[in-house]
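Worksheet: one structure, shown below.
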Amino acid sequence: MHFSQNEGIEDKTFVVTGGLGFVGSYLCLDLVRRGARQVRAFDLRPSSPWSVDLKNHGVHCIQGDVARKKDVDKALNGVDCVFHLASYGMSGKEMVQFGRVDEVNINGTCLVLEACLEFEIRRLVYLSTYGVVFGGKEIVNGNESLPFFPVDDHVDPYGRSKSIAEWLVLKHNARPFKKSNGKCLFTCAIRPAAIYGPGEERHFPRIVSLAKFGLLPFKIGDSDVKTDWVYIDNLVLALILASMGLLDDVPNNEGHPVAAGQPYFISDGSPINTYEFLQPLLKSLDYDLPKASLSVPRALVLGRIFWAIYTVLNPWLNRWWFPQPLILPAEVYKVGVTHYFSFLKAKQELGYVPMVSPREGMAATISYWQERKRKTLDGPTIHARLFVVIGIASLFSAAYLPVDIAPVTLLRATSLFFFRSISVVRTVFLLAMAAHIGEAVYAWQLAKRVDTENARAWFWQTLVFGIRSLRFLLKRSKRDLTRKKDVDKALRGTDCVFHLASYGMSGKEMLQFGRVDEVNISGTCLVLEACLEFEIRRLVYLSTYNVVFGGKEIVNGNESLPYFPVEDHVDSYGRSKSIAEQLILRHNGRPFKKNKGKCFYTCAIRPAAIYGPGEERHFPRIVSFAKLGLLPFTIGDSNVKTDWVYVDNLVLATILASMGLLDDIPNKGGHPVAAGQPYFISDGSPINSFEFLRPLLRSLDYDLPKAALSVSHALILGRMFSAIYTVLYPWLNRWWLPQPFILPAEVYKVGVTHYFSFLKAKEELGYVPMVSPREGMAATISYWQERKRKTLDGPNIYAWLFVVAGMISLFSVAFLPDIGPVPLIRAISLFFFRSMWMTRAVFVLSMAAHLGEGLYAWHLAKRVDPANARAWFWQTFALGFFSLRFLLKRAKS
């Protein structure tokens with residue numbers, strides 16, 4: 001049976017239980033792409049790594065428990081088809097939590113079936129598992145005629161519960177609805193192989209983590225053991241086809257869906273040994289591959305030992321600090337016993353054929369994990385960690401602890417055997433610690449350039465493990481110093497490059513001069529070299545107004561204006577972008593060495609200040625300052641005007657610029673219209689920056705600036721912050737160091753009129769803004785209102801200082817001795833409260849009030865804002881009613 005591409009999907013409503021998980025997210029996005037009217041992602045979690053992408057594509061996320069009838073009814077009411085993917089206990093610690101496994105997999109499925117019958121939902125596709133027929137005995141090229149594995153013989157609750165649940169689902173097929181005569185529920189089950197792909201969250205993170213720590217010492221079973229795998233896109237395709245196979249209005253089917261009541265095995269169709277399958281991934285990550293082998297019986301003994309230990313430790317299994325078990329009995333069977341199945345039935349009845357080969361699937365998975373590894377901290381194996389920690393602890397014990405402690409006597413005797421005297425032992429310990437500190441400081445400085453986000457973590461890891469940690473950072477720095485390889489890898493084989501990467505636009509980044517030049521100038525040079533080397537015909541560069549503006553008024557300027565003198569820029573960003581743009585435009589028309597007659601075309605887009613939903617440079621900082629009450633004044637006169645550009649308009653201009661570099665357009669004589677040209681891009685409506693921001697701040701209930709500060713006074717303030725943050729340079733990337741209030745270049749941006757005409761872009765590229773400033777700001781306001789609703793709200797900085805300083809002062813007066821400023825504060829307190837007893841009573845009552853308000857806020861937030869309930873408690877505990885009133889306001893709304 002073959003179905004049309006989107007049969008039974010367009011204009012239908014779907015719910016995906018477990019919709020925020022790996023498979024669920026991919027399925028939701030595919031349903032949206034295929035034209036579904038509405039897609040609901042029903043999941044216990046409030047968020048996941050896919051949440052933002054799902055919401056951006058219009059998926060309706062519903063938080064709830066599949067084992068709670070009220071939540072299930074809310075999610076399934078009014079849908080046309082259900083994909084029941086939610087499950088629990090597939091691997092690791094979850095497998096030992098028997099009660100929760102049955103609650104989700106069996107009880108939850110019963111509730112889904114009841115809801116389908118109650119709301120007359122015609123189609124239910126259930127995601128099952130190979131485990132319903134496999135329980136440890138070899139199966140070669142099995143098919144759907146195999147009986148269920150005996151429920152009592154399963155070694156894990158997951159396989160048993162999924163077997164019962166699938167049986168219930170298929171048993172309910174063709175069950176008639178009570179109210180609607182002639183209509184009934186159609187069900188089917190998809191039994192996938194082990195799933196893999198970018199973002200898989202069950203098996204691969206655990207496997208990679210164990211490999212990273214050197215805890216994959218052996219393979220299980222013989223080398224000729226084979227199992228199935230299925231790439232995520234292939235599984236999603238099978239689920240979609242199964243839902244189509246439950247349609248009862250397909251011609252020639254006489255009202256009986258082809259998939260009704262049927263199970264289907266789904267895989268890539270290429271059974272392979274599990275360790276052979278994982279080998280390319282582990283090798284690409286530079287992790288050791290298992291060399292030794294362990295027979296299945298011995299692995300089962302190991303698995304049962306871990307099973308027993310984790311069963312005893314059941315109350316702590318959900319703690320973050322509790323590690324995953326090395327292996328459990330069911331997992332031994334999965335990797336150590338051959339079991340693979342044919343998808344012939346799915347091919348014949350549903351038209352399923354894998355669209356992604358195992359080679360392509362693994363390549364995508366490797367690419368994902370390489371990028372993920374690049375963003376996280378790397379380090380030594382568990383054996384190296386234990387060696388260093390035990391060694392340092394032993395040296396310290398032998399050198400400084402008293403001898404009468406049992407193990408110290410042995411450690412000291414061993415140390416004296418090697419080092420001859422206790423003074424040498426102490427010297428060795430101190431030198432070792434000094435070496436670790438030196439290596440850690442070097443790691444911190446190196447990581448600030450190589451791996452900025454993890455610099456702090458690199459410091460602490462290297463402080464503990466010394467060179468065994470530092471060597472991983474040095475290896476990473478070598479990759480970083482040869483960034484040309486990264487650029488070449490990205491640009492090879494492309495037809496057009498949009499060079500948008502930059503650094504130092506605003507805030508603390510502006511003061512990191514070296515990094516600004518490295519990215520904006522050196523990075524641009526590498527991109528130009530790669531374009532010429534790989535004969536890429538078109539390059540569009542995203543520049544800035546600052547290449548011609550440096551603090552002097554410009555009214556309706558155009559592209560004939562000269563570059564602002566490089567040495568006169570007050571910030572490294574404007575200077576570096578000016579140099580980079582000139583490099584880009586000078587490379588225009590450069591011929592390729594190998595391909596004579598062909599040449600390289602470039603142009604530059606100079607955008608105004610960019611705004612829109614998700615903008616991450618200016619608006620988060622502005623909104624943060626407004627929230628804390630740190631926007632006390634405007635800068636410059638009220639008649640100062642600047643340009644803004646909505647992100648969709650800028651994207652349109654960038655696309656048009658790439659088209660303007662084509663040299664095969666008729667009547668152009670082979671010369672692209674945009675070649676070598678810069679273009680100013682804006683919405684075409686210059687406005688005072690503070691007037692532009694007024695609707696946004698007002699919509700968020702934040703105070704608007706009332707006073708005004710002249711440009712000259714603001715420049716003094718900006719230079720002060722520039723000087724302070726230059727002194728604090730080593731800590732600029734620390735999370736605890738706030739953004740500077742304002743810097744000189746930012747004073748000019750908001751305090752001096754500068755706007756430009758986009759006439760040249762209109763005449764040569766056909767650019768006309770497609771989104772008006774009113775529409776653009778409306779979309780931006782909607783985004784920020786939604787973002788505010790999901791985050792913690794609170795009082796301004798003055799309320800924080802008042803309450804925190806007040807409570808600290810009360811505590812100091814009530815309980816501290818007369819040190820420092822305490823006598824003065826105590827004298828003021830006694831003036832108001834008359835006695836020390838009253839002062840202490842006021843402090844205790846204040847703390848009790850704050851605690852009571854904090855507990856009330858926690859209970860209220862669990863209903864109003866559950867994601868931030870804990871944060872509401874701590875903020876209200878610290879600030880009392882100053883915080884609680886914001887939560888009460890949110891509760892009313």
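Don't overthink the numbers, they just go from 1 along the chain as shown.
Cβ coordinates are placed from backbone N, Cα and C, and glycine is handled just like the others.
Curation does not apply to TrEMBL; its annotations are automatic.
Keep in mind it's a predicted model, so treat the numbers as computed, not measured.
Taken from TrEMBL as is:
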type	residues	note
DOMAIN	15-293	domain '3-beta hydroxysteroid dehydrogenase/isomerase'
TRANSMEM	382-403	transmembrane segment
TRANSMEM	415-437	transmembrane segment
TRANSMEM	457-474	transmembrane segment
DOMAIN	478-707	domain '3-beta hydroxysteroid dehydrogenase/isomerase'
TRANSMEM	797-816	transmembrane segment
TRANSMEM	837-859	transmembrane segment
TRANSMEM	871-888	transmembrane segment
What residues in the same chain, six or more past the boundaries of the transmembrane segment (382-403), come closer than 8 Å to it by Cβ-Cβ distance?
-> 213-215, 409, 411-412, 414-415, 422, 425-426, 428-429, 432-433, 436, 464-466, 468
Which stretch from 415-437, 797-816, 871-888 shares the most C-beta pairs under 8 Å with the transmembrane segment (837-859)?
-> 871-888
Using a Cβ-Cβ cut-off of under 8 Å, list the residues of the same chain that are 6+ residues beyond the ends of the transmembrane segment (415-437) and lie near it.
-> 392, 394-396, 398-400, 462-464, 466
What mean pLDDT score does the domain '3-beta hydroxysteroid dehydrogenase/isomerase' (478-707) have in the model?
-> 90
